[in-house]
Amino acid sequence: MSRTGDHAGAVDGRLEALLSGAGDAGSQPWPRRMAAAVALELRLLTPLAAPAVVVYMLIIVMSSATQIFCGQLGNVQLAAASLGNNGIQVFAYGLMLGMGSAVETLCGQAYGAEKYEMLGVYLQRSTILLMATGVPLAAMYAFSEPILLLLGQSPEIAGAAAEFAYGLIPQIFAYAANFPIQKFLQAQSIVAPSAYILAGSFALHLPLSWLAVYKLGLGLLGASLTLSLTWWVLVAGQFAYIVWSPRCKATWTGLTWAAFADLPGFAGLSAASAVMLALEVWYFQVLILLAGMLPDPQVALDSLTVCTSIQSWVFMISVGFNAAASVRVGNELGAGNPRSAAFSAWMVTAVSAFVSVIAGLVTFMLRDKLSYIFTGGEVVSRAVADLCPLLVGTIVLCGIQPVLSGEGLWGGMIGGTLIQTLILIWITFRTDWNKEVEEARKRLDKWDDTRQPLLANK
């Protein structure tokens, strides 16, 4: 398929030429070629990363805003919202995000290989799987109170957290629709529209949360129901963009029975993605559950919530660059450019590490004031200040390896995070990028063969 319209020049080979010294680039000295490659990659990453940072920042701020509304009701409500939002909800978030990341891999490679029509098939196939996965997760939410009691949480906090979790059940299925849509758009370097739609959703979320929590007196249930509604507004806006925008004309051709083809094979790839990403997210969930078992669970949960929320805000900057790098690496692999794919991976690692060091320094300087964003309790403020050195260490490490990780709990986790980061650096260094290009080509050929007869029968 030839490149047309907005898809022209998605991967033009300039970076590969600079890195390999092919063509006119071969006459330039190596330092000049590397400087040009760095400048070019930054120009390619920034238009993707900037709106992606806005998207991920708004998502985490929206969730944190819900916790802030709950925190103003009291420390018990803040602890319950933390346990519900960061304990129960994170289980579904990690699983859905992990499974949805298969779309990121496949769509990025298909786009780089110019098999644009396959992106819509991958989007629908992933949505079907994630919606089916949401059914047992909804049942888990419905029985969250006995589950939390079984895990050793205090009855007061477990009951309040369950009330909060009931309102998050619709959000599960919003996740199932959002993550495939988000990855579908990112693979085409379409990121800004999602940022605009999310900004509008967030602007709606704040007054609705105030109305539900304070004016209507719905408390924790009202806060979580409003959060679920906002997520569905986001999903509806993004899907409307896909259907009506000319930029998605080649990649979205409508609903197709091809989405049901070889679902077990696609589920296997989604499960592999889920294992890699969900375990990292559930890592944080274990901390929240352990904090709820400490002698003073309110203070432990509240202080841990403040620290992890701040860490998440800062971390979203790195996540935005990581999302952009995923698009770049996938596109280059699909186009058969192994050097460019490896270079993009190393560039985003360097940028994320730099940003995280700066953010860690700023966080440490403001350590005595951070908790008052969430709650006015002085006891919680002192606990947050005590945790802040560990928080800074986690921020810096998470600039390279995304692991959300109190003093005893958190300090014990940093060593594991450091080891994980070093292992990932070693794996990236040892990756055979030529082999990855070949694997991407084989995967695309396999899915393309599956699609052809189904579309032909329509």
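Placement of Cβ uses the backbone N, Cα and C atoms for every residue, glycine included.
Listed features, source TrEMBL:
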TRANSMEM  42-68  transmembrane segment
TRANSMEM  88-107  transmembrane segment
TRANSMEM  128-151  transmembrane segment
TRANSMEM  157-178  transmembrane segment
TRANSMEM  190-212  transmembrane segment
TRANSMEM  218-243  transmembrane segment
TRANSMEM  255-276  transmembrane segment
TRANSMEM  343-366  transmembrane segment
TRANSMEM  387-404  transmembrane segment
TRANSMEM  410-429  transmembrane segment
When only pairs 6 or more apart in sequence are counted, do the transmembrane segment (88-107) and the transmembrane segment (157-178) reach 3 or more Cβ pairs under 8 Å? yes
Best-contacting stretch, by C-beta pairs under 8 Å, relative to the transmembrane segment (42-68) and drawn from 157-178, 190-212, 218-243, 343-366: 190-212
Looking at the stretches 128-151, 157-178, 190-212, 343-366, which one shares the most CB pairs under 8 Å with the transmembrane segment (218-243)? 157-178
Near the transmembrane segment (157-178), which residues from the same chain, at least 6 beyond its ends, have a CB less than 8 A from one of its CBs? 70, 76-77, 79-81, 83-85, 87-89, 92-93, 96-97, 100, 127, 130-131, 133-134, 137-138, 141-142, 144-145, 148-149, 219-229, 231-232, 234-235, 238-239, 292, 297-298, 301
